[in-house]
Amino acid sequence: MTNPEDIPSRIEGKNVARLVCCFLGVGSLVAWNAMLTITDYYYQLFPKYHPSRVLTIVYQLVANVFIITLATKEAKLNTRLRNIFGYSLYTAGTFCLIILDLASHGSGSVVAYVLLCLIVALFGLADAFVQGAMVGDLSFMSPDFIQAFMAGLGIAGALTSVLRLITKAIFDNSPDGLRKGALLFIGIATLIELACVFLYTLVFAKLPIVKYYRAKAGKEGAKTVSADLAAAGLQEQAEQVHQMDESKIQKLTKKQLLRENIDLGINLSLIYVVTLSIFPGFLYENTGEHRLGDWYAPVLVAMYNGWDAISRFIPSIKPLAMESRKWITVCVVARLLLVPAFYFTAKYADQGWMLFLTSFLGLSNGYLTVCIFSTAPKGYNGPEANALGNLMCVFLLGGIFAGVCLGWLWLIGNDSF
């Protein structure tokens, strides 16, 4: 076992680590958000196939199957390889989107749609690898890191929305403008994913404060950090962690962790059941025609993403962070009222009220998500925090998948179905 004096004492680089965590958060969602944000292009190509709903189900089905599998084996997995593989898969997937569009000349054929679904399935696989690995890894570090990573998830949505509005404005009146904007958009996402591969592989593990937390977690019995310790030049500590006798490691089982945190897990699922039952399918297909015309849906998506991103920074201000589990539960349950609110707003109100509701949907989604992920790992050692982070991701993706499936209910009685 690693001696206390072997643990790096230098913990400089906290701000750099937060910045890298934020960028890695952007990279873990920018590929999928790019798909969601250019959905208007895919509706032009495949108007009869409900692309926003179908692609989301494909993505979430694959992500859920693999995140459950990976979460059950998290203690024995190489976190470093898991993250590198996930970000590399994101990079390959976004590049394949460009190749597919160029090869099919932007046609809306069934073959192109099937291939598009397969690429989206790759994104789901990448999500399962990256989300659990990154959240689990950051859960035994400073709470600021998990907040920065979660903020990055929100920034990914806001960034893609802003870029989408810019490209739509630039190419709106040009021939084949929607397609040109979408290709430029996916190209930018590919570069971001590639940057994440290099950042995680070459930079993150070597930051002094990251070395400190990983060496500390290794001392507590977290074997998942072994490869990252070796990559950071801490060969001796990595070898000691690798050879550690698991029977001597004191930690709670996954069932015990689940019992102690089932309230947070259910709350996290409910947050995303509500969000994904509305966003993005309802916003694209059930909000009617308004003065903004074909700008209406992209603007709604941008409002959601913008407020979701802003709200994820609020818990970093300590007095504004919600740590009470009871109050988190109250807020999550109250948020269920957004479903009938959106229904009646779409049916009877004007676009101003819809913009307000969409903004609140994003604001509450981001804020409550960060509060839960920041609260859950407190008081646990390295292996327990890593396991709990993976379990929370299972609840998150489960809620997203349930929300996506429930989103189809909006089509009942809809003449366009």
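Residue 1 is the first one shown; counting continues down the chain.
Note: Cβ is positioned from N, Cα and C throughout, glycine not excepted.
Here is what Swiss-Prot says about this protein:
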- 19-39: transmembrane segment (TRANSMEM)
- 54-74: transmembrane segment (TRANSMEM)
- 84-104: transmembrane segment (TRANSMEM)
- 110-130: transmembrane segment (TRANSMEM)
- 143-163: transmembrane segment (TRANSMEM)
- 184-204: transmembrane segment (TRANSMEM)
- 264-284: transmembrane segment (TRANSMEM)
- 293-315: transmembrane segment (TRANSMEM)
- 326-346: transmembrane segment (TRANSMEM)
- 353-373: transmembrane segment (TRANSMEM)
- 392-412: transmembrane segment (TRANSMEM)
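Between the transmembrane segment (326-346) and the stretches 54-74, 143-163, 184-204, 264-284, 293-315, the greatest number of Cβ pairs separated by less than 8 Å involves 264-284. For the transmembrane segment (293-315), the most Cβ-contacting stretch among 143-163, 264-284, 392-412 is 143-163 (pairs under 8 Å).
By the count of Cβ pairs under 8 Å, the stretch nearest in packing to the transmembrane segment (84-104) among 54-74, 143-163, 184-204 is 184-204. Long-range neighbours of the transmembrane segment (264-284) within the same chain, counting only residues 6 or more positions beyond its ends whose Cβ lies under 8 Å from a Cβ of the stretch, are 36, 39-40, 43, 50, 52-53, 56, 258, 297, 300-301, 304, 325, 328-329, 332-333, 335-336, 338-339, 342, 346, 358, 361, 364-365, 368-369, 372, 375-376, 391-392, 394-396, 398-400, 402-404, 406-410. The transmembrane segment (353-373) and the transmembrane segment (54-74) are not in contact, since fewer than 3 Cβ pairs between them lie under 8 Å (pairs 6 or more apart in sequence). Tallying C-beta pairs under 8 angstroms between the transmembrane segment (54-74) and each of 19-39, 143-163, 184-204 places 19-39 first. Proximity of distant same-chain residues to the transmembrane segment (19-39), defined by a Cβ-Cβ separation under 8 Å and at least 6 residues beyond the stretch ends, is recorded for 51-52, 55-56, 59, 86-87, 90, 93-94, 97, 120, 123, 126-127, 130-131, 134, 138, 145-146, 148-153, 155-157, 159-161, 163-164, 181-182, 185-186, 189, 192-193, 195-196, 199-200, 203-204, 207, 280, 284, 297-298, 301, 305.
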